[in-house]
Amino acid sequence: MLTKFEARSSRVKAVALHNSATWVLCGLHNGAVQIWDYRMSTCVDTYTEHVGAVRGADFHVNQPLFVTGGDDYTVKVWNYKLRRCLFTMMGHMDYVRTTFFHHEQPWIVSCSDDFTIRIWNWQSRKSIACLPGHNHYVMCAQFHPFSDLVVSGSLDKTIRVWDISALRHRKEEVGITHDLLGTTDVVVRYELEGHEKGINWVAFHPCGDLLLSAADDRTVRLWTMSGTSCYVSRTFTGHTSNVCCSVFYRNDYLISCAEDRTIRVVHMSSGVTVQTFRREVERYWIMASDSTRNLIAIGHDAGLQVFKLTRERPAFAIHNATQLYYTCQNKLHMYNFETEEVASCAVTYQFYPPTALSCCPTTGGVMLSYANSGPQVEWIPKPLATRTCNVEATMKGIDGVFFGGHKLAYVDVNGKMCIQNVAKASGKPQLTDVSCSRIFPGPVGCVLCQSNDRILLYQVAQHGVVAEATVTGVRYAVWDKDFSKVALIAKNTVTIMTKRLKIIASVAESSARIKSAAFDETRDVMYFTTSNHLKYCYLRNGETSTISTLKNVVYLVRAVGDSIYVLTRDGRVLRKELDNVELNFKLKLQQQSYRDLIRIMQQGKLKGQALVGYLHKHGHSEIALHFVSDSLTRFNLAIECGAMDIAKATAIELNQPAIWRRLADTATSFGDIQLAQFASAKAGHYYASGLLALLTGNTTSVANLVNTTRDDNFKLHYSMYMDDAKQRVDILCKVNQLPLAYVTAKSHGLAEMAAQVLQRMEPEVAARVQAQRFHPAPQKRTVEPATENWPMLQVEESVFARLLKEPGHLDIIAQPELDEDVAAGTGWDDDEDDGTLLGSAGAGAGDAGALADKDEMGGGWDDDLDIDVSTALPDAGGATSASSGYVVPREHPPIMQAWADAYTLPAFHVAAGSFASALRLLQRQIGLADPTPLKPYMLQLWAAVNVCRPAPNGLCVVFAMPTPPPDSETEARHAPALPDFMPALAEKLRFGYQLFVEGKFSEALDVFRSILHLSVVTVVKDDQQKATLREIMAIAPEYTRALALQLQLRTLNASSVESLQLALYFTHFRLHRAHLTLALSQAMSKAYKQKNIKTAAEVARRLLEQDPPKNKAQQAAAIIAEADRNPTNAVEIDYDERNPFTICSATYKPMYKGVVSPMRCSYCLSPAHPSYKGTLCPVCKLAKIGVDSAGLVNRI
């Protein structure tokens, strides 16, 4: 059983699958109706209008409708697009058991515990037929797939087949008499008896001549209809309780579910049970199937499940890069990539299809692996030679893989890798000492082996492991054409690695399963498909993006440029040409092919904010400007790349004060004085405008601002700068500061104004002011204004900008492709691939080589001019200076950028201030999910590296030494001088131990968790430091988990069973001996107080092994003596000391070995129950549980 979706809810009594959407409809026992998207594992809608259990549900074939019936005696028709109930049809007088739509007519059939079947017209919303006849509850009624028949099953042990053909021609409405007594124009064609107890389910075969019934007599019966008779053709037994439902599957099988908690798959012709599935507790109630998609939906006591019986992925492999072998519908097919022809032959029939296929590189023989049947591996030496493949040898195992010649490797039933030479029919397999669960193809002479927690590259001839990597859950391995790169495909991840298993990139999908992958044979691109998308990954930087949405699941088999070959589930190989403009644009951007970029831009196919964000993120704001129509975004990009003309135009469109202020600040930094004054004026920011005018000596502009503004503070302030005494006197008089006004007027020789001010003052104040001594104001200086913009150095334009400004280049690029080909002609031989000019593959290259051999320097080139180059051509620097003035020399990148470019240590990126790249590295290395706890440590590291001290006026600040001493080995690579956090970690560890002993558990928990956080940015320089750091990083999570459990224990009642269990679990952490003694003492005391003498004695024996203090040893000995006399436990606890277990970090529950395989945190390796996969680790609070990671890089 391949479970595709599972939802937990109350008991499910009705299910239905949508015929086109990936939806399943379920009716619950609590009255709710739910629609789930089983592909995305999300609930689409919930409807709660029924009162009581919903027992019938069905989707319409082509309308956005579904129908339900329940214990409230009603039949409801819903529209899932409108998300509401359209109408309710009433007529039944008891529980409604099932409801189904007709495949053509606007009819609904329903059956009820009122002993009747009703047929409704959902367009007229009325009952058109009532079919009485059964004398007990009618449990099921369904329409025939194409005939005018209805079958019904009842608890009266009978099955009735009704002929409803007359309903097609009847035009009058049914009266009350027909509604109560039954419709006379619907007759019973067959009345079938044979079951010993009541019948729960009946259904027609899709072909129409068979029907099945499931009953409380624990049997499923198959009935054959022929003419006027219908008889039992086969009875299937095996269930041990009431059979609730049964459906047909693949025309040859039927599936049944029963209250014995089992699902049985039976072959109809032979009656053999192919497979049986069982649940531990929940009973199965209802089932629905979709033969076109190989899906089965089933409802049980605890919810809903959607599953498949067999995999639909065809096994396939490419042979010699020209042929594709694949299996589909019990046939082996061979597709030729060059001729696109397909040849086929039949293979051995199996219920489960092959899971893997491998081709012999020398003979073209095929090896088929059946993991679910046997398991077994079949060797077919000459496929396609006859109509039926001849199996020459069969071996017990899985994953047969050829690694050279006739040599085959496979995994036997004991999990050991075996080597077999298929050329020797009588040869015995050679058993190796390699234990693995799966093997995959590899380079010549090698295979990939999947163990529990890693993938191994095994060299068969040398009997040794060449390389290994920590990758789990690998399902498929895809190599590129020359076996230099491999994509390891897991359920939701793809890990791209070199042939030495060094990671290149990693792709993760959170909401969809990854189905296949293929490397582009011409570019550093890997295409991959999920359940619903075709995507790509650019291997140089690990970027991924979506190309298109897939209607159906397909599997990539080959990719050549923009051409891909895909294999469908029905066995068809399709070639698709991708219009992948976005990928080509990004590739050309990486290659700096600006002419091609302009051509792509003028096609007008690239749109959207995602592309603008990508260009902005990668430092191409100038190019991003050409894709932006939003004024605000365009303004921000123009400011960033210095396009002041565009920024001014967009600011005029926006006309917002904040925009004008930002433009003014930017223009000031660029020295564009006129634009800065204009923007400040538009923003109404006269302080900034006045200051700028004052600095540039534009006194006229300052005077104009002083006269036009109404701000007295501004006027007083700037009138002092302008030495405008009259203005100041008027303002001071206005605010009644008469003494200051008098002093100002007197100092500047304004006698009349001084006399007027003096008259307005009180006599005492005037006398004191006149007694003061006045100094004449200094003479006013004349300043020559500098209103022109500051001179700018002439900087060479980018190639992209220069191409955009050259009309000739732009016109040529803008021409259609046809015109370009005509203008270029066919003699250049470069319209397909520029690389042919350098090789010998094309005819043009061969001709050129021949001409070169004939006349190396022929005169036909018209280049034999006798000119002295040194005198004719001026110096390059002089030409540049003459034409465009001074060119700014290229600035070397700052030393901090070199740290980020040269190292993959996250600590170096933090020291460089590149926090974004540091977080991206941590996501790949430790699976970082929440960087918040790392913020103080990252800022501390950055501040330690970038510390500086003030300098005297006019000098730059002095930074600390950013690089190691000159004699350091890393000086040439510009490594930063990072602080040594190892002493701090050791001190934190010692302090944590002290808090642990003192019983300050909350403070100790914070200390040990901070050790985990600080270790992320700690760098080690030698093996000794690395070993010490590893030891600290192993101790910290163990103590963090133990302290978290201890804090949880403190919140419980001391006499509770849970408290005792946690105290016992606490003794199983790897603690220091003295600390373990404390834990054992606590557990022994709790067990003894709760009268669990036997458990207390077991703990006491462990305590004595730790050499405890004398008083603790005496207590332990006394408890052991009492247990020898009375070895009993008063309470039952979930604790088994003899069975090894691991404590879940989230629930603090034991996970016993062999029962649960724990998932671990990708950073601190703390274990947790598999149900917590993908959640934030509760120990380190940084990474997620169960996420693949490459490992933290912290060694210089």
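The count begins at 1 with the first shown residue.
Glycine too: its Cβ is placed from the backbone N, Cα and C atoms.
TrEMBL tags one of the stretches 772-797, 824-849 as region 'Disordered', and that stretch is 824-849. Away from its own ends, the repeat 'WD' (192-233) comes close to residues 136-137, 139-147, 149, 151-161, 239-248, 251, 254, 256, 258, 266, 268, 291 of its chain (Cβ-Cβ under 8 Å, at least six residues beyond either end). Residue counts of the repeat 'WD' (192-233) by helix, strand and coil are 0 helix, 26 strand, 16 coil (DSSP-based).
Note on the repeat 'WD' (131-172): residues 94, 97-98, 100-103, 105, 107, 109-113, 115-119, 181-183, 185-193, 195-204, 206, 208, 211, 213, 215-216, 223, 225, 230 of its chain, located 6 or more positions outside it, place their CB under 8 angstroms from a CB of the stretch. Per-class residue totals from DSSP over the domain 'COPA/B TPR' (612-754), listed helix then strand then coil: 114 helix, 0 strand, 29 coil.
According to DSSP, the secondary structure content of the repeat 'WD' (89-130) in residues is 0 helix, 24 strand, 18 coil.
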